[in-house]
Amino acid sequence: MIAVRNDFYKFLFFVTLTLMFFRVLDVDCVAIGDPYHKELFDAIGQKERILFYENRLTPEKERSTEFWLEEAQRYVKERVTGSFNSQKAKNIILLLGDGMSIATITAARILKGQRQGCSGEESILTFDKFPFTGLVKTYCTNGQTPDSACTATAYLCGVKTNVMMLGVNANVQNNNCSDSMNKEHQIDSIVQWAQKAGKSTGLVTTTTITHASPSAGYAHVANRLWECDNDINTMGAIIGPGEECKDIAQQLITSEPGKNLNVILGGGMGKFLPKHKVDAFGVKGERRDGLDLIDHWQSNNPQGIFVRNLEELEKVDFNQTKQLLGLFHSSHLEYYSKAKVERPKQPRLKDMTKAAIKTLEKNSEGYFLFIEGGRIDHGHHETKAAYALDETLEFDEAIQTALDLTDHRETLIVVTSDHSHTMTISGYPSRGNPILGLNERDLDSDGVPYSVLNYAIGPQQYMDSNGKRLDLTNFISDNMIFPSYIKALMGTHAGEDVAIFARGPQADLFSGTLQQNVIPHLMAYAACIGNGLHLCKQEDV
């Protein structure tokens, strides 16, 4: 029996050596022992495409062992010589890339580098340089894959809730206004915690200011779509006899903490005006109740400044301005790549970021500021990856603006996302392959080119009448709807973790794997606000 076993092992050893020998002689042989990467080696065996994997794709300096060793040692030195900032955070800035999945970050990083004339993969985004990074679990109380409302309630209010809910707990049923107006079901946000601590507060977004992400900071509703009273009527809300059901815009302007916000910048002017009025962009208002909430805001803030475009925003004297309201579109702000041509008077996210910080920084007690790159998500829903990635780079520029205007010793800056999307970077594209183009090295099994970026779910499959994939060569454009596997009216969210990045006082708290609802509690601890554990009781600085 022992002899048989030894002969068997000798045979295995001989087969292993033989396969290794053939691996040296013929790359295709590797596929025998590696069926999961067979397509990679099959492609390498095709002479007309093997050139894409030659050394010419590798930058000269990266061929050196010393280059990578030196880069690694430089990074190690940065990490070991860095120190924890254990001081109290005077200011907090939470920057949210809506729908900014990890694949989105990677693809945007590559696009940034390629726009600069590089291969792209080695490029660095602003928040890539933050010293502390973690992962965030995004599921909601009744959803494996979340929406932007239940996630916003988590990262702004500190409580996980049901999909579609804003500022209320999971006892509230969808579309039930009676439930959401019940004080026992409502949750305070970090906006209110900051205001109670004497800090200034602000909200900035590229969507409507009444959209899901910013609204959790000030509203309590059973349906995120209740942006104005007309929306409540359209949705058929459940309202008890004699009950008032306040829409999101009304809560922002007339209720705490919304009415106490120092800065409100975004889109959605139509949600604040009655139907008989035309807004600054020639579009009729949406409200049926006759309320002009912009007039209401101006009456309550006689020293406040209301602006409608970049020119007006740039004329604001921030040293003298305590309240700033800016509504720059009837609905969501236009994608930047379109706005720079079609709407040059529309401010960029970095312009709004600068205005917000300049307005808030005068408060000696500090401030809390929420900034959202909201149209990353919309680009992904349309499966227009070019828009999503461009909006991510716009978001990154806003982050750089925030860094330029603040002191890392007193301002905690946190960058994260609310949820993921189904876009992937797949196949085996070569180094420097255009991230928004076709895979230049690989074809599918029918010999048809395919795009580097694809979605799991979306409106366009690019199939002919026989169910065969179309050649996408002539479809590539900045406005391209990228291909998806499952047909649907639009792309959907995905359920995997998102990344979180932090720098400044107590930034080391934002590492490891976090529940999303822990985020505001960590920020509150760092700034010594809210009702939880307080850093100031240990070290009042």
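Every residue, even glycine, has its Cβ placed from backbone N, Cα and C.
Over in TrEMBL, the protein carries these features:
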type	residues	note
ACT_SITE	S148	active site, phosphoserine intermediate
BINDING	D98, H211, S213, E372	Mg(2+) binding site
BINDING	D98, D377, H381, D418, H419, H493	Zn(2+) binding site
SIGNAL	1-27	signal peptide
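Everything TrEMBL records as a feature, shown here on the structure.
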residue : record              : Cβ contacts under 8 Å, 6 or more apart
D98     : Mg(2+) binding site : S148, T207, S213, E372, G373, G374, R375, I376, D377, S417, D418, H419
H211    : Mg(2+) binding site : S148, T205, R224, E227, G266, G268, H332, G374
H381    : Zn(2+) binding site : G99, M490, G491, T492
H493    : Zn(2+) binding site : G99, T145, P146, D147, H419, S420, H421, T422
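Each of G99, D147, S148, I376, H380, S417, S420, H421 belongs to the same chain as D98, D377, H381, D418, H419, H493, is absent from that list, and has a C-beta within 8 angstroms of the C-beta centroid marking the Zn(2+) site. Residue environment of D377 (Zn(2+) binding site) contains 28 other Cβ atoms, counted within 10 Å of its Cβ in all protein chains.
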